[in-house]
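Asks: Encoded as structure tokens, here's the structure I'll be asking about.
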Amino acid sequence: MSAVPCSHCHLTTLGLGGRGAHLVIPSIVAPILAFVLVANRIYWRMRMLGRLGSDDVTTILALVFLVVQCGASVAAVDYGYGRPFDLISKQQAEQALKCFFLLQIFYKLTINCTKLSMLFLYLRIFTDRIWFVRTCWILVALVIGACISFTLSTVLQCSPISRAWERWRIDASCVDIYALWYSNAIYNILTDFVIVLMVPPVIFKLKLPLRQKLALTCVFGLGLIVCAASISRLTTLYSSAYGGDITAGSLVSTIWTTIEAGLGVICANLPMIRTPLQHFFPKLFPPRTGTDHIPSTIPSQRSGQVSGEALASPARLIPPPIPVRKTSLTNQPRVGWISEARGMQNRSRLHGDMVKLQSSSRLAHCQDLEIQAGYSDFSSHPEVGLARTREVDWYAEQQQIWSP
């Protein structure tokens with residue numbers, strides 16, 4: 001039995017049952033989880049800083065596109081997507097394929113906005129590695145270009161465009177849909193791997209304990225979960241593109257499409273959940289003290305000091321003290337290095353030419369450094385001779401720290 005040609009009949013929906021129910025579940029769960037995590041991120045960002053950054057804006061866009069994508073998935077199932085083409089009317093099949101067409105467009109927008117969100121986050125955190133910053137901007141340009149190209153290719157895949165949801169028409173032509181899907185999947189996998197694997201080399205050059213380096217690597221390595229979903233989706237594309245059933249043949253691929261997009265938004269915002277956990281469960285998630293990562297030696301070059309406190313326990317840090325350069329017995333200027341940490345003003349005491357900073361079980365002796373607390377902008381003092389670098393956390397604006 002073939003599909004019923006009934007263009008004048010009243011369009012009826014078929015409900016969310018059948019094989020399409022396997023698509024409905026991730027289409028409902030993914031946007032709910034993503035919304036909770038994005039809302040958490042925005043709330044704490046606004047609370048700590050009062051405004052949003054580029055990474056926050058792009059993750060909000062990714063969430064909006066994900067909601068539209070998943071809504072189109074549910075609507076497609078309601079019209080019969082996932083059911084055999086022979087068991088539904090042609091009008092139902094047309095509406096289901098229209099929703100599927102819309103789903104493909106917003107999938108590409110969701111994935112690429114998620115990539116941009118991660119890249120902008122990198123640009124906010126790791127600012128002192130020139131090669132890393134340049135690589136991020138190159139990837140930003142690549143992602144924007146690929147997003148525009150693949151989105152337009154999806155919209156214009158058939159001539160006329162309506163051929164994309166009227167598959168039974170013979171007076172129209174379409175591009176090789178498998179080649180389009182396959183090239184987009186390869187692009188997603190490669191860029192995801194690059195975005196994830198470019199971070200560990202930077203993290204392991206930071207002056208942090210090994211445990212914190214491994215923890216940060218695991219946090220940024222959550223993107224590998226998305227890579228696994230992308231690879232799983234890739235294995236289903238051939239049967240979806242060349243399957244004989246236009247409404248049921250691509251169901252498995254569509255399920256993985258929804259999972260991949262949902263995991264992308266979720267994993268991009270999951271690390272920010274530590275802040276509310278510390279706020280509501282301080283005993284289970286104690287904040288790390290700023291002195292846990294004071295280096296034992298003076299840094300010899302500019303380096304992005306991304307501390308465990310800055311990443312895992314964002315807080316408004318007090319203004320940094322003013323270092324005043326003095327000279328040693330050899331009349332050579334020397335400047336000690338002091339980590340900016342919460343409570344620094346309460347712990348620092350001035351004793352002539354000696355500053356003692358209590359940090360756990362050790363003392364940091366900075367013999368040529370005086371501290372005048374409460375004044376934060378000393379970049380204009382040439383006698384200090386310190387180079388400006390930056391330290392940031394998940395939510396707050398880039399903080400200014402100082403290194404020789």
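Backbone N, Cα and C atoms are what each Cβ position is placed from, and that goes for glycine too.
If you look up TrEMBL, you'll see 41-278 marked as domain 'Rhodopsin'. Summarising the annotation, TrEMBL assigns transmembrane segment to 20-39, 60-81, 101-123, 135-156, 185-204, 216-235, 255-273.
What does the local environment look like for each feature on the list?
Replies: Away from its own ends, the transmembrane segment (185-204) comes close to residues 111, 115, 118-119, 122, 126, 129, 132, 135, 139, 142-143, 146, 150, 213, 216-217, 220-221, 223-224, 226-227, 230-231, 233-234, 237, 260, 304, 306 of its chain (Cβ-Cβ under 8 Å, at least six residues beyond either end).
Same-chain residues lying 6+ beyond the ends of the transmembrane segment (216-235) with a Cβ under 8 Å from its Cβ atoms: 118, 182, 185-186, 188-189, 192-193, 195-196, 199-200, 203-204, 208, 253, 256-257, 259-260, 263-264, 267-268, 270-271, 306, 308, 311.
Counting only same-chain residues 6+ beyond the ends of the transmembrane segment (255-273), those with a CB under 8 A from a CB of the stretch are 22-23, 26-27, 29-31, 33-34, 37-38, 40-41, 44, 59, 62-63, 66, 69-70, 73, 103, 107, 110-111, 114-115, 117-118, 121, 188, 219-220, 222-223, 225-226, 229-230, 232-233, 236, 311, 394-395.
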